[in-house]
Amino acid sequence: NPYAELVARLRAAWLSGKTRPMEYRVAQLEALGRFLDEKKQEILEATALDMGKPRFEAEFSEIILCKNELHETLNNLSHWMKDEHVYKNTATRLDSAFIRKDPYGVVLIIAPWNYPIHLFLVPLIGAIAAGNCVIVKPSEMTKNSEKLVAEVLPNYLDKDCFAVVTASVQETTRLLENKFDYIFYTGIPSVGRIIMTAAAKHLTPVTLELGGKNPCYVSDTCDVQNVAQRVAWGRFFNAGQTCIAPDYILCSVEMQEKLVVALSKVVNDFYGSNPRESPDFGRIVGDKQFQRLYALLCSGQVAIGGETDEAERYIAPTVLVDVLPSDPVMQEEIFGPILPIVTVANMDEAIDFINSRERPLVVYAFSSNSKVVNQVLERTSSGGFCGNDTLMHVTLTSLPFGGIGSSGLGKYHGKFTFDTFSHHRGCLHRNMGMEVFNALRYPPYTQQKLGMVRAASEVKRKGTCTLL
Amino acid sequence: MEKMQQVVGRARAAFNSGRCRSLEFRLQQLKALERMVQEKEKEILAAIKADLHKCGHNAYSHELLGVLGELALAMDKLPSWAAPQPVKKNLLTMRDEAYICPEPLGVVLIIGAWNYPFVLVMQPLIGAIAAGNAVVVKPSEISENTARLVADLLPQYLDRELYPVVTGGVPETTELLTQRFDHILYTGNSAVGKIVMAAAAKHLTPVTLELGGKSPCYIDKDCDLAVACRRITWGKYMNCGQTCIAPDYILCDPSIQSKVVENIKAALQEFYGEDVKSSPDYERIINKRHFKRIVGLLEGQKIAHGGQTDEASCFIAPTILTDVSPESKVMEEEIFGPVLPILTVKSVDEAIEFINRREKPLALYVFSNNKKLIKRVISQTSSGGVTGNDVIMHFFLSTLPFGGVGNSGMGAYHGKHSFETFSHRRACLIKDLKMEGTNKLRYPPSSQKKVDWAKFFLLKRFNKGRMGLAILALLGIVAAVVIKVSFT
């Protein structure tokens, strides 16, 4: 196996205990901060070359959000690493009981192409903070970013404990034959299954950040202009190549009309009359993805946009109306700058529509009536939920970010990343003395002993008065 | 025997009806389970006795007591566990509602084991019901009396569609695993654990695997050997050694090996008397297959105590082996029987190295008067859980997560950890449709000014917590006004 030696080397480094002390982890994390600062230009250029990522977007998602996570981690690491003391029962009252946060060992992070720095760096921060050795496998789709990470990142980190591997699909399959102590994968459900199956062979725990079709319900009572701005921003950011982008809209026929008018104005406000010339609108990452998206345009009617340029892999910010559930654009996660509108009679129909499909990464609901927003929240299931906006819930590091069902398993961001990459080990440190109390549990067993054991360890319902 | 698809399909339809969402419903089901354990105590103890030759007192304290405790805890804490938890917000989301909402996963599968056949099905079931799920229960067919009893009793007390019991062996379980579940909790061995995870992978189903391994027990020279050995004897030979967290083998200095043997012998005498076979407190091996397997491990070993067996009754006497070689058969697999090998090591460092060369165990035990030494062993090894200066006991504290790591498993449960295992923690952010001003700084067309504002709002350069909420609020409003003015 071409990677066996690398994995063995990292495992040996892991066993040496090098990554355990807090000072070591802090030093590595600070180095990551320097990488983001010193190589900011290179990162912005690489992502621009790879997929025409607008500078503002790249700075926001690849630099600012990453630094956020880094600072949150550095500010809190010593607190997160501490043993968590737990409430004890009568039998263990005199003992020390705590949850120890142990690193897993050698961790593998597989990143996708849409946010090529962010989606390996944020998990990496948590994995290092938790004391693991890490192999990072950036996406082979975004060649410039992959090269940057493979050539530059290792210079900032301890090469004994951290490595970057570049690999094609076949090579990744071989990489996965090795035993890892944790695997973190961001990507699509079909590959998620392959990763989990490979992990099962070694009983390796996994976090899978996948995707789906994120529904966006817009009720009739709302400020249409604001809705249009927030939805358009979320949909067209990164030319639609965002796992939490609003995938399709559900609204009434009347609202569809109003939305199209509002969205048309918003697209013009954002990108001008010819978005192709706007520096703030991205491109599709590759020819295959472009072809796939091009084929989806024949769904419903094009109300806004629809222009494409194959040479540039440009697809205009597009809104489709009167889309049917059976149309091609409703069969798969779009992952492009196309926003279909499917009309429904009312909120109940929208909720039924959402619930009859796979559970998505996020459900969006827009209404000035908070009851409506809460109804959609309560009656649906999804990884996360955002009312009256798009994308913003992931900028809050105190909220867990992850999917459910086919949109994924596990979660991260902020402390949740640290917890993901830690084994929570239950520890009870008892007294050698006080043996007389233990006598209750030893054979020979008697009814009397049982009564006393019961009294000492029972959890009584509050409010049950024993006197009555 | 109904088709698995129908059973699971009915449970899913029942879940989708929404009736197990309300806290009242869940509490009602938990209360019914409590009634079941109290009313059918005799029957439950009889089934466990038939399966494992376990006396009533033992069965009660090992299985029923824990179940009643978990039920009481869940019923008390459910409202607070199920409540949405508000989270810390940043400057940009200050006026919004941000919280984590615990939600049910859907249809959960619980596969039990035969060694503690009642509690290993009931404890996960309690957590799964508390979290609002539908649950398919599959008790181990090897402990057939308990399996039959569970299949009889649960439908009498619980909602039949939401909580079906499925019985059967390997073929039935394999078919069951082809169905789609929203979480699977499996208790058993690593080999089958891999099969369960591979089946779960097809549906991207998260799993909790409570597996096993060889739980090492290091005895330091500096410790009260009488006390240590009595505790070890209790944990090793309870349930005839058939406990996933039993101390599997001992590591100690050669100079204390014979004292250890003497002390364990003394404790055995105290516990089971002169004739272990006639003690009502000593169990039997579950079946002939395991009996033969364990007897096979004794081959070529130095038996310091015990070694007597009787195939007809699946009896194996409490046995101690000394000067065991690390390469011998008894050190290759989890023993899961009343055979205790002692291996000698010259120092705690050698013990740590020995432990780290092997698969991560479910439990790790270390006995010493030296607190620093215990801390060192914990810090330099990895295991599911630890008890220092005793064995087994970390299992009984429900505030500690109970689970394995590496080959000994993944995920954890007990107490609140069960509720969390069987819940989805959904991130929720509810914003205002008004106050569009601040949003403008993120919309195109972009500019350096906008980037700088974005940094101000989002970047955690310093611990803003110290700034005080009032000042932050003021800043936020000022910023919003300035932005609205400069970008309109």
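Backbone N, Cα and C define each Cβ position, glycine as well.
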Coiled coil per TrEMBL - which of B:23-50, B:191-218, B:219-246: B:23-50
Where B:C244 (active site) sits in the secondary structure, as DSSP reduces it to three classes: coil
Number of Cβ atoms other than its own within 10 Å, given for B:E210 (active site): 25
DSSP-derived class (H/G/I helix, E/B strand, else coil) of B:E210 (active site): strand
B:E210 (active site) and B:C244 (active site), Cα-Cα, nearest whole angstrom: 9
